[in-house]
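Report on the structure given below.
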Amino acid sequence: MESFESERAPLPRNMIENSMFEEEPDVVDLAKESPSYPIDSDDVVYEPRSSRLLVRGLGENDLDEDEEDYESSARLLGMSFMNRSSSQRSAASSYTRQQHSGSCPKPSAKTMVVGVLILVVVASLFMVIYFVPGCTFTRKGCPKTNSTMDSIYPISTSGELFPWTELRLPPSVHPVHYNISLYPNLTSMTFQGSVSILVEVLYETKNIVLHSSDMNITKATFENKEVHVLEYKPWQQIAIKFPEDLKKGPYVLNINYVANLSDSYDGFYNSSYVDTNGTKRVLAATQFEPLAARKAFPCFDEPAFKSTFTIKMTRERKYISLSNMPKVNTTDLKNGLQEDEFEESVKMSTYLVAFIVAEFISVSNNVSKTKVSVYAVPDKKDQIQYSLDTACKLLKFYNMFFENDYPLSKLDLVAIPDFLAGAMENWGLITFRETTLLVGSNSSSIDKQLVTSVIAHELAHQWFGNLVTMRWWNDLWLNEGFATYMQYMSIETVFADLDIDTEFLNVRFKALGKDALNSSHPVSTVVSTPEQVEEMFDSVSYEKGASILLMLNATLKDGEFQKGVIEYLQKYNLSNTESEDLWNSLSQVSGQNLNVSEMMNTWTVHKGFPLVTVKRKDTQVTLTQEHFLLNAENCTDNSLWHIPLTYVNDSCSLLSSCKQVFHLKDKTATLTLPGHVKWLKFNFRSEGFYIVDYDEQGWRDLIDALKGNVSVLSSKDRAALINNIFALSRSDKVSFRQVLNLMDYIKNETETAPLTEALLQLGQIYRLLDKRSELTLASRMMSYINDHFGSLMANQSWDLETSVSKMTLRSALLEMACSLDINDCRTQAKNLFDQCLAPNKTCQIPSDLMRTVFKVAAQTDEGWRKLLDMYKHSINDPEKRKTLEALASTQDVRKIIWILQKSLDGSEIQTQEFPLVINTVCKNFAGYLYAWDFVKENWDKITQKFPVGSFAIQSIIMSATSQFSTKTHLIEAQNFFSSLGTKGSQMRIVQEAIETIKLNMRWMDNNLNAPELVVV
């Protein structure tokens, strides 16, 4: 699945794809878990709107630490206990220590002993009366306590004991085949369903436990005998208990049910759009990954429970229905309805099942034995040809690369008007956002790059994820990391003109930034709760997973990686795997003396990545590795990685043949050079997932070399030096002066990768200064950017461009120039907007400049109104999304509040765009505090729309908090997230947000008064 939002660049990045527990009295509710990631905060009451007091010129509010500590303790210990103890304290406080007067006689020893005994007796009686339940002194006495069974097993909705005590299903029963019949009523937004499950009992058991959520079961039979179904809602499980053990063998379970079509973005959900005639159209679609198939039909909803499926769909005549497999029959029913029946599926996991009922049109083509079709709403039929051609080319590539043809006879790609993820790899029925599948006549090559990337990712999943599936969500990276890596590899081969290499480099930098936090996690990590499963869909699973595969491929000899992948797919065809299975397959084909499993386990089991420090003395190079963390305080991690270190030197630095390899396995090692060299550059083309620091002389040699000739290193290596030195500065490994020393060369830079990386890093610092109201320093940073990039900005064309690399660069340069009003950029953008939107329309705004031009236009009332009208009537999705970003960039508070409200309620802006709106609003000073308050005050509504832990929630939280850098905002964020309980306080992204604020604070503390920043 492809997640959609991004923070590193204007274009969305690929990462595709997305209770609580009520406490039962007198039993142990196993669903009630303490937060997995406790928040570092004092737990005080959250007061909304306080952040808006922190505007320019107003100070921070100091909090009474004693009161904070007290209230925090009250929350931790429980208010009933605190009430009791506080009353005792009040009683005690009325007594004060008396001073002895000289007239009082000293009591005898006997009197003292008697007094103490009396006090002990009285105190004991008081404690008995106070702590023993009152029912002890009644005739009936106290009710009997629950039995051991009662205290272990949870209570079902009927009040009976539920016979299972774990979130994971028992292994005793496996599904073999599902027969599913569904009738979605698109008027009442409900659906009726029935499922017949052929199960195999593998071990004798008295229970069958499976998943079901948000449905009303009307009847259930087992072997044609009606049975009673128990439900435990917190775990979304149902169970059937039997008086005797079921013997090994096959059985049939039938369940009839009714449910509402979901109004969120998972399960079997309803969607709508307005066509060009102003008519509202409705449809029903599915999104089951990771845990939502159970919302459409009762099932064994875990990846390892693979099965085959036969699906029947009842619909009105005006609609079509689609599912994973080709349709084999349509039957006329009463009341003008029709029933479509689809072929029996291949063996697959429940999260890959899909069906759609809608009014769509399609175009098709054949690739080998597979019919490839692209579906969209009728109004957009002219935007689907590019996707069809692209899908056919990529399918041919994957068939050849994997030496294992796509196994189904059809492959549908469907653009859904209201869809949260970027796309979803359902086998044979891939669903997309319209933005990630449709390409209009005015779309640029950058727009095509995005669409091509998403298609390539989802098609790769047909092998990695569908054909071979991870056993459990802890190894999600086997699906997502591989699909991400293959998308870049395939595009580089099939669509070389799309310059995907630069995009992949940015993706690796993004993964390094995420993984440098304490709040990160290993690629393969323990996962149990639904929220933890949702959180696995992040940069580590996707982008770090892809990055370590690139490193491995670059380490193996030519062709070995492909051979290992083919071996892996053939061996585990239609099965489930773990990381070790992939490493073993690659080890078997490796001709080197390299234990792939031993090396790669260090990259999947350890959190984070290494920093390699290089110190050179003549021909002796000392190499040291350590866990790189942006905040390494109190860190005792002694993890070691097996690092395939690569390096080049001044004698040969640009070609792959120049690359030397040294395997660093220990904490420290020494490398002996064959002769004298002027400089060394480690991590060739940034193919390894680590960063490098050099001693003072090492940095000086590299900087001098670049000042002399920027071409001594490849553009990727230059971009990596910039990325690494900013990270090292943020972690206090190097001074900001050293950063500026390297940046001196940038005036001679012309390539996209290093220039865009430098702009990104400097832009982040500028926004931090601006939001801290450090106006003088922000102004100096703006002057620094103008001094180093101004001439390049001034030389950019505003005309149509075809090169992806040139478009990427000018988009970044002009967006920065217009945001800071450098070189009269805003005037040029405003003129272009007025000319191209005039009634006679004498020009066309280049697609890659639309966001920049529209953002400038949105700062006036007239321009904002024009853009809103364009947004409402446009059917070109890339243009529409850029228009929305412009609308959200307004500095007008009233418009900001309006767009926040409309994007959340979905009335005029689709709710799927709410994370994008939050991200855009938070980039500007005028809106970021309003956005933060809006998130806090509407958290319940937000989590109703987007699952807790999902990528959308991760994006919302980081967008709203990532630019805070004050103690007041830190405390406010800690208090708010602590107040959420099961609605979010335990999320890993909360820890990331808190850690990011602290890092921002530390950077400010260390650099605000630093001479190098003052004189920038």
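Just so you know, glycine gets a Cβ as well, placed from its N, Cα and C.
All annotation found in TrEMBL is predicted automatically rather than curated by experts.
Quantities reported herein were computed from a predicted structural model and do not represent experimental measurements.
What TrEMBL records for this protein:
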type	residues	note
REGION	1-43	region 'Disordered'
COMPBIAS	1-10	compositional bias 'Basic and acidic residues'
TRANSMEM	112-132	transmembrane segment
DOMAIN	174-352	domain 'Aminopeptidase N-like N-terminal'
DOMAIN	386-603	domain 'Peptidase M1 membrane alanine aminopeptidase'
BINDING	His457, His461, Glu480	Zn(2+) binding site
ACT_SITE	Glu458	active site, proton acceptor
DOMAIN	679-998	domain 'ERAP1-like C-terminal'
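Of all Cβ atoms in the protein chains displayed, 32 besides its own lie within 10 Å of the Cβ of Glu480 (Zn(2+) binding site). The sparsest Cβ neighbourhood within 10 Å, among the listed binding-site residues (His457, His461), is found at His461. Every protein chain shown contributes to the tally, and the Cβ of the residue listed as 'active site, proton acceptor' ends up with 31 other Cβ atoms within 10 Å. Here Glu480 (Zn(2+) binding site) is positioned 10 angstrom away from Glu458 (active site, proton acceptor), judged by their C-alpha atoms.
On the 0 to 100 pLDDT scale, the model's mean across the domain 'ERAP1-like C-terminal' (679-998) is 94.
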